[in-house]
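Below: the structure, in structure tokens.
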């Protein structure tokens, strides 16, 4: 039995939903919805941020194998910029729940608000540390997004994306100012917008 997680909430057809990637300056926001199988418990579930990368990777495979149903979804950079990050996150969560091949009786959403869903839903603050299905969803979402950021490191070298995963670290902000935004940067985010405006200003001065 794991301290901190309420295993009474591992019930038939309860989906846990979480997101990763609201704060970064680049890349998609990734969500996951997971319905765990009470007959096939997964040991070691916890908030993905509290686990090592190796442990997350191992749990990712175990969750995919043992869950009754799971779906990983996303909202792309273009959607984030057109909708705003909150609405894009809600859309991505909605896609994750709708993508489950089993309809849950209840969706438990990490955080303090719920997307519009066709099934009953409830928010759970710090749910990734309390509800096993939300913890599982956080692991699927984080591993998926981290893998994407590692791939972008090869496509857009010089930004350190593989290390900071797109978050606004000093290394990232310095590279953004020096190299300018890439196509995967969120132009609606202030540091990216500022770097883009500087870039456009330089271009205009050369015309």
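Even glycines carry a Cβ here, placed using N, Cα and C.
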Report the candidate from 110, 146 that shares the divalent metal cation site with 18, 19, as recorded in Swiss-Prot.
110
Tell me which of the binding-site residues 18, 19, 110 sits in the most Cβ-dense spot, judged by other Cβ atoms within 10 Å.
18
